[in-house]
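Q: This structure is in structure tokens; I'll ask about it shortly.
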Amino acid sequence: TAIDGVKKGKSKEVCGYPISIFFIVVNEFCERFSYYGMRAVLVLYFRYFLQFDDDLATSIYHTFVALCYLTPILGAIIADSWLGKFKTIIYLSIVYAIGQVVMAVSAVNDITDSDRNGTPDSLTFHITMSMLGLLLIALGTGGIKPCVAAFGGDQFQDHQAKQRGTFFSVFYLCINGGSLLSTIITPLLRAQECGIHSQQKCYPLAFGVPAALMVVSLVVFIAGSGMYHKTKPQGNIMLAVCKCIGFAISNRFKHRSSVHPKRTHWMDWAEERYDKLLIAQIKMVLKVLFLYIPLPMFWTLFDQKGSRWTLQATTMDGNFTVNPIFILTLVPIMDKIVYPLIKKCGLNFTPLRRMTVGMFLAAMAFVAAAVVQIQIDKTLPSFPSASQSQLKLLNMGSNTLMVKLSNNYSIELQAAQVGRLENMQLDTKKNLKYSDIFFRTHLERFSKHLFFSRATFTITNGVNTCEYSREFGFGSSYTLLIPSNFMWGPTCWEFILAVEDIKPNSFHMGWQIPQYFLITCGEVVFSVTGLEFSYSQAPSNMKAVLQAGWLFTVAVGNFIVLIVAEIAQIEEQWAEFFLFASLLVAVCIIFSIMAHFYTYTDPTAIEAQFRDKSDNESHQERLEMEKKHSIDHHDENDEQKQTKM
């Protein structure tokens with residue numbers, strides 16, 4: 001039955017909680033696992049499967065993240081104005097799941113690997129499929145973002161305020177739990193080797209498991225359909241806010257002449273058409289949104305954990321995941337220990353001051369990242385630039401000559417028994433394969449610097465075959481010597497000698513822990529506090545508007561990364577890290593000044609004043625109407641008496 005705009009399912013409770021929320025909690029856990037799991041290996045997929053360079057991989061990654069935080073506005077409008085939260089979650093989750101499946105399919109190199117050499121024959125297909133998949137995922141995850149938590153809150157009755165608060169805590173825990181598990185499991189899945197014709201890094205599995213989890217998320221959510229309380233769409237408050245602001249601006253422009261008296265606030269020009277309570281609520285929202293202006297710079301740095309910092313980790317030794325672990329531990333530590341201790345010390349650590357500290361911590365995290373990058377650069381080999389050619393000759397006697405050639409050049413060598421290297425391929429598991437190698441006096445061009453952890457060389461003369469495999473540390477350089485007395489057979493690989501020219505990079509990933517610790521502290525202090533502050537300063541019916549504004553700052557922050565990556569063109573990565581840190585420190589100072597002049601408000605009290613005033617005016621109008629009605633009735637009686645006389 002529909003009561004007060006709510007379609008109620010079969011109400012069941014477990015331990016005082018609506019049983020329907022358990023479906024929502026499981027749904028959120030699976031969805032977050034799906035999203036963060038896919039995102040954990042996304043930049044590596046761009047870099048090593050689609051063969052994008054670092055800047056392009058970073059740009060595409062941040063464009064995707066920005067879209068994920070722009071589409072919530074669309075999702076909120078659809079839910080509040082048209083479909084309602086339940087149907088919006090269902091339909092966009094289907095879009096979401098399709099996008100994840102498309103991503104998994106895009107990572108199957110065997111689809112276009114007709115010659116079965118381990119490398120896609122056409123990257124165009126894979127790039128097109130992956131971009132389509134990411135677009136669908138951005139629409140899905142962003143569209144349901146403003147709906148799921150609110151839909152969970154709708155399941156509670158007025159007397160379950162305590163349970164509702166616990167639900168939101170568990171909901172946030174599920175987000176971080178899903179993120180933690182996925183960022184550990186998905187890279188492990190990627191590290192596996194799979195394939196139909198050749199064994200490659202298993203991106204299909206790394207994307208396929210998140211796709212499966214998204215399907216599970218959808219099925220679980222649908223399973224609880226009969227138990228949900230489904231609120232009907234009541235009209236989108238964001239549209240009402242935009243219309244009111246638009247009318248105020250246009251009305252002010254029409255009355256810009258000095259003849260018309262000034263008004264206290266420019267929003268007061270909307271009083272001719274809109275209720276004074278709505279105008280007062282919009283004023284409170286605009287006051288907070290003004291504070292949001294510097295916030296995108298924080299997200300500019302924060303979201304580079306998944307791009308620049310991931311690429312930085314690929315140049316280091318080791319493998320670990322710490323950020324989700326830090327989040328799960330630091331949130332309760334801050335709430336239960338740090339903040340109460342600061343309060344006992346008599347310090348007024350207001351929400352805006354916390355956010356300022358969070359921004360500063362994020363800046364320091366990038367200083368730490370820059371210092372780490374400087375140390376990494378000291379251990380990296382020097383590669384020739386795009387305009388340089390490199391030729392390395394090693395004379396081993398009259399019968400052995402080793403040659404290395406870079407860039408698009410060919411060279412004829414007049415020497416005996418020189419090998420021809422052609423059809424060099426790099427597959428997604430970072431295996432370097434030389435096929436069709438035989439002895440003659442011609443060397444084909446070699447034009448790429450390749451990064452791999454294990455190389456497999458296949459030597460053949462058309463009849464015999466010899467394979468040589470070796471593990472390579474990142475940054476190392478080796479010269480492989482094939483002597484003139486090389487002999488085919490089961491032990492042919494023993495004749496090949498590897499000479500280490502440059503030692504592998506031994507700078508361990510553990511040195512990234514300080515920057516991850518600082519950025520996570522910044523996230524806890526900035527993000528959690530920012531959401532709390534926004535809700536405390538938001539009118540009762542406009543919390544969704546501020547939520548959309550908050551998410552919009554994340555999108556803008558990711559667009560700033562695109563601008564720097566594509567326009568600044570800073571060659572040294574450590575310099576780029578220092579640039580971002582400097583920008584955030586400057587923004588932090590500006591935000592602290594803005595916060596100093598901000599006056600905290602009590603939206604509930606302000607709304608109550610307007611409602612009381614409105615009630616008093618209505619009561620006064622009723623009294624006047626009753627008085628007028630009484631006078632009219634008295635006059636009517638006098639007329640009747642006179643008529644009788």
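Cβ coordinates come from backbone N, Cα and C, glycine included.
Just so you know, TrEMBL annotations never went through curation; they're auto-generated.
Keep in mind the model is a prediction, meaning the values are calculated, not measured.
Pulled the feature table from TrEMBL, pasting it below:
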TRANSMEM  33-50  transmembrane segment
TRANSMEM  56-77  transmembrane segment
TRANSMEM  89-108  transmembrane segment
TRANSMEM  123-144  transmembrane segment
TRANSMEM  165-185  transmembrane segment
TRANSMEM  205-228  transmembrane segment
TRANSMEM  284-302  transmembrane segment
TRANSMEM  322-342  transmembrane segment
TRANSMEM  354-376  transmembrane segment
TRANSMEM  513-533  transmembrane segment
TRANSMEM  545-565  transmembrane segment
TRANSMEM  577-601  transmembrane segment
REGION    611-645  region 'Disordered'
Q: Do any residues, 6 or more residues outside the transmembrane segment (545-565), come within under 8 Å Cβ-to-Cβ of it, and if so which ones?
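A: Contacts with the transmembrane segment (545-565): 55, 58-59, 62-63, 65-70, 72-73, 76, 145-146, 237-238, 241, 285, 288-289, 292, 295-300, 302-304, 307, 530-531, 534-535, 537-538, 576, 579-580.
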Q: Is the transmembrane segment (33-50) in contact with the transmembrane segment (205-228), using at least 3 Cβ pairs under 8 Å (sequence separation of 6 or more) as the test?
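A: The transmembrane segment (33-50) and the transmembrane segment (205-228): touching, yes.
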Q: Out of 33-50, 165-185, 513-533, 577-601, what stretch is closest in contact terms to the transmembrane segment (123-144), meaning most Cβ pairs under 8 angstroms?
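A: If we count Cβ pairs closer than 8 Å to the transmembrane segment (123-144), 33-50 scores highest.
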Q: Between 56-77, 89-108, 284-302, 354-376, 513-533, who has the most Cβ pairs under 8 Å to the transmembrane segment (577-601)?
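A: Highest pair count goes to 354-376.
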Q: Could you name the stretch, out of 33-50, 56-77, 89-108, with the greatest number of CB pairs under 8 A to the transmembrane segment (165-185)?
A: 33-50
